Amino acid sequence: MAATPLPPLRLAIACDDAGVSYKEALKAHLSDNPLVSSITDVGVTSTTDKTAYPHVAIQAAQLIKDGKVDRALMICGTGLGVAISANKVPGIRAVTAHDTFSVERAILSNDAQVLCFGQRVIGIELAKRLAGEWLTYRFDQKSASAQKVQAISDYEKKFVEVN
């Protein structure tokens, strides 16, 4: 019996000036992938654009929250700043991952919608491979991890209500 094909994902892609070349390379690499239905580029588009990473990360994460895209790929120098920023949007789970196992578990264990790379940390060929693998994973709402992800969401709601 053949496996059910995975539905294609709507992606956002974002970077600061430290991630422009990887963003462009990854966007080109993913644009022909059948698991991608669309890519929304929220910038930046040039190394001369000094828009700080929090702005583009929040913009891309908000697209997920608003249901306009399914996931986002973000690149900065380390991948850490964009992840921290994206995680400020309620309901968003962003991770920085530079290896196969972490990319897999980001989806299967944590239902992370955002994958972040550091252009100064990871080679472009590995980034392309990991981004391609990332597209093949889907979170199982019936998995043992679902309760843990729900606990994260519950805590988030609790703290949002308090503040």
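Here the Cβ of each residue, glycine as well, is placed from N, Cα and C on the backbone.
Features of the protein shown, as given by Swiss-Prot:
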type: BINDING; residues: Asp16, Asp17, Gly77, Thr78, Gly79, Leu80, Gly81, Asn110, Arg120, Lys148; note: D-ribulose 5-phosphate binding site
type: ACT_SITE; residues: Cys76; note: active site, proton acceptor
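Note on Gly81 (D-ribulose 5-phosphate binding site): other Cβ atoms within 10 Å of its Cβ, all shown chains, come to 21. In the three-state DSSP scheme, Gly81 (D-ribulose 5-phosphate binding site) is classed as helix. Residues within less than 8 Å, Cβ to Cβ, of Gly79 (D-ribulose 5-phosphate binding site) and separated from it by at least 6 positions along the same chain comprise Thr96, His98, Cys116, Phe117, Gly118, Val121, Ile122. All chains included, 27 other C-beta atoms sit within 10 angstroms of the C-beta of Asp16 (D-ribulose 5-phosphate binding site). The distance from the Cα of Arg120 (D-ribulose 5-phosphate binding site) to the Cα of the residue listed as 'active site, proton acceptor' comes to 8 Å. For Gly77 (D-ribulose 5-phosphate binding site), the same-chain residues lying six or more positions away in sequence with a CB closer than 8 A to its CB are Asp16, Ala18, Gly19, Gly118, Gln119, Arg120, Val121.
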